[in-house]
Amino acid sequence: LQGIFVLGLPYALLHSGYSGLFLIILAAALCCYTGKILIACLYEENEDGQLIRVRDTYEDIANACCKKLSPKLGGIVVNVTQVMELIMTCILYLVVSGNLLSHSFPYVPVTEKTWSVIAFVTLLPCVFIKTLKIVSKLSQLCSLVHFIIILVVMTYCLTQIRQWSWAKFRLSIEFEDFLVSVGVIIFSYTSQIFLPTLEGNMKNPGEFRCMLNWTHFFACVLKTTFALTAFLTWGGETKEVITDNLPSFLQTLVNLCLLTKALLSYPLPFFAATEIVYACISRGNHSNYRSPLFALSVRGSFLLLTLLMAMFIPHFALLMGLTGSVTGAAMTFLLPSLFHLKLKWKKLSFLEKCADIFVFILGFLCSLAGIVCSIKGLLEVF
C-alpha cells in the first residue's frame with residue numbers, strides 16, 4: 001500500500017485540487033471495503049451456521065460465479081486481468097528507472113530509453129528466480145530504502161514550510177486531468193490480488209478485517225500527509241515524479257535510492273505474473289510444459305515484453321493512470337462487488353446490496369472515463 005507509486009500523488013493533487021484529498025480518503029475506504037467483501041466470498045456457511053473457507057484464490061471465486069456459463073471462464077478473466085496489472089507494474093518500474101537515471105546524470109549524453117535498457121540489463125537475473133523466498137528478501141531491502149526516501153523528501157518539505165500556501169490548491173479543475181488523477185490514486189491502493197493468499201496465511205485469519213482497517217487507515221494518513229506537504233512545497237511546479245523537484249544536491253541521492261527501490265520492487269510482480277502464466281500453461285498432464293527450460297523461456301519472454309512496452313510508453317503518470325483505470329479499477333472495485341452480489345445475494349441486507357451496486361457503478365464510470373482520458377493524453381504526447 002506504500003509503494004513507489006506514492007511519488008505520483010502530489011502530481012495527482014496538482015490536477016485534482018481539493019477534491020484530490022477527498023479522493024485519497026474515499027479510495028482508502030472503498031478499497032478497504034472491497035477487500036473485506038472479496039475475502040467474504042472465500043467462505044460459505046455449513047449446516048451448523050459456521051463459516052468454512054471453501055475457496056483459496058481470486059480465481060476460485062471467479063470460477064464459482066461463472067460455473068453456470070463455463071467452469072473456467074471466470075478464472076481466465078481474473079488471471080488475464082491479474083497478469084495485465086502485474087506486467088504493467090513491472091513496466092512502470094522500468095519507465096521510472098529510466099526517468100531517475102536520466103535526471104541523476106543529466107550531463108551523460110544518453111537518452112531516457114537507453115537508461116531504461118541499462119536498468120533492464122541489471123534485472124536479467126530475475127529469470128532465474130524460482131521461489132518466493134528470494135523475492136521476500138529483496139522486498140525487505142526495498143521497504144528499508146522506501147522509508148529512507150520518504151523521510152528525506154518529507155524533511156526537505158518541512159524545511160520549506162514558510163513558503164507553504166493553501167492558495168496553491170485550485171478550486172476549478174480540468175475534467176480530463178481530474179480523471180487521470182483518479183486512476184493514479186486508485187492504482188496507489190491496489191492490493192486485492194494479494195489478499196486471498198495473505199488471509200489464508202495469517203496466524204489468526206479472524207483478525208483480517210481489523211488488520212485491513214488499520215493498514216488502510218495508516219496508508220491513507222501517510223499518503224495524504226506526503227502528497228499534501230510535497231504539493232504545498234512546490235505547487236504548480238510539481239512534477240510527475242516528485243523527487244525531480246528536489247534541489248540537485250538531494251535529487252541525485254534520492255533518485256539513486258529510488259532506482260534501487262524500483263529495481264528491488266520489480267521481482268515481486270514479475271514472479272507473480274510468470275507463476276500465474278506458467279501454472280495455467282502447465283495445468284493437466286502437459287509434461288512438455290513442466291521442464292525447467294520452458295519455465296525459463298516464459299520468464300525470459302515476460303522480461304523482454306516489459307522492456308519493449310517501456311520503450312513505447314515512456315510516460316510515468318499517464319501510464320500509471322491508464323493502468324489504474326483498466327486493471328486497478330477492475331480488480332479493486334468491479335469484480336469484488338460483482339462476485340459478492342453473485343455469491344451472497346440471498347444473505348445480504350438491502351443496504352449491503354446498495355453498497356455493492358454503488359461501488360460497482362462508481363468503479364465502472366471511473367474506469368471508463370479514466371481509460372478514455374489516459375489514452376487521449378498518451379496520444380497527445382506522441
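The chain as shown is numbered from 1 upward.
Just so you know, glycine gets a Cβ as well, placed from its N, Cα and C.
What TrEMBL records for 2-375 is domain 'Amino acid transporter transmembrane'. Feature annotation from TrEMBL assigns transmembrane segment to 20-43, 76-95, 115-132, 144-166, 178-198, 210-233, 253-281, 293-312, 318-336, 357-379.
Pairs of Cβ atoms less than 8 Å apart link the transmembrane segment (178-198) most often to 20-43, out of 20-43, 76-95, 144-166.
Of the recorded ranges 76-95, 115-132, 253-281, the transmembrane segment (144-166) has the largest number of C-beta contacts under 8 angstroms with 253-281.
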